[in-house]
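Presented below is the structure to which this report refers.
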Amino acid sequence: MKLNGRALLISFLVTQSVAILTFAKDFDFFYFVQQWPAAYCDSRRGCCYPKTGKPAEDFSIHGLWPNNLDGSYPSNCDPSNRFDGSKVSDLKSVLQEHWPTLTCPSGDGLKFWRHEWEKHGTCAESVFDERGYFEAALSLKKKANLLHALEIAGIRPADGIFYTLAQIKDAITKGVGYAPFIECNVDSSGYHQLYQVYQCIDASASNFIKCPVFPHGRPCGDQVEFPSLSSASSRDEL
């Protein structure tokens with residue numbers, strides 16, 4: 001039986017709606033995650049500085065991740081929406097400064113950004129497109145200004161100097177307004193180092209909020225080192 005034009009149109013619209021619903025995954029909030037490069041480099045896997053050189057001694061973006069209230073999260077939601085570097089070509093230098101890659105071998109950042117967009121960004125296509133995803137993360141980093149918040153509290157990067165976990169959390173809470181989750185790594189000497197800071201963002205990716213649930217990252221001991229990047233080395237320098 002032949003379908004008339006109206007039936008064909010309805011069939012097409014239904015198909016498109018199903019496809020959109022397949023990719024438009026629900027989520028409740030975002031984790032905005034920043035990492036401390038010196039602690040990343042002092043981990044067991046080590047690091048390689050990006051092709052642009054040693055990064056600045058500042059927190060760098062790891063990602064902006066949709067998450068659910070039950071602790072689960074969507075991932076790789078739209079295989080058809082692959083990362084397109086041309087869409088962020090004019091942001092490349094800014095991304096390399098604030099969202100550098102530290103994995104080995106040295107890279108220009110494109111592989112890292114591709115992973116973050118395709119795994120996490122595509123699950124929030126109802127909020128932003130590819131360019132909007134990276135712009136939102138850059139804006140959140142500027143708003144958070146973690147290094148400034150810690151410096152105001154007298155917490156500065158230095159090897160062999162330790163702060164309590166409560167001091168670090170309190171400084172960031174005062175600076176941003178909401179308590180973060182702090183993740184630590186353990187260096188070769190067995191010391192806990194400030195590694196990653198998780199902050200919660202509303203579902204529009206615009207505002208910091210009280211975390212409805214904290215992640216299950218690597219916990220910190222009570223005494224935490226905030227290592228200096230000036231003394232850190234990459235595999236390229238070894």
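Note: Cβ is positioned from N, Cα and C throughout, glycine not excepted.
Under the heading signal peptide, TrEMBL lists 1-19.
All protein chains included, His62 (active site) registers 21 other Cβ atoms within 10 Å of its own Cβ. Under the heading active site, TrEMBL lists His62 (among others).
For Glu116 (active site), the same-chain residues lying six or more positions away in sequence with a CB closer than 8 A to its CB are His62, Gly63, Leu64. Positions annotated as active site by TrEMBL: Glu116 (among others).
The feature active site is assigned by TrEMBL to His120 (among others). Sequence-distant contacts of His120 (active site), defined as residues of its own chain at least six apart whose C-beta falls under 8 angstroms from its C-beta, comprise Gly63, Leu64, Trp65, Pro66, Ser75.
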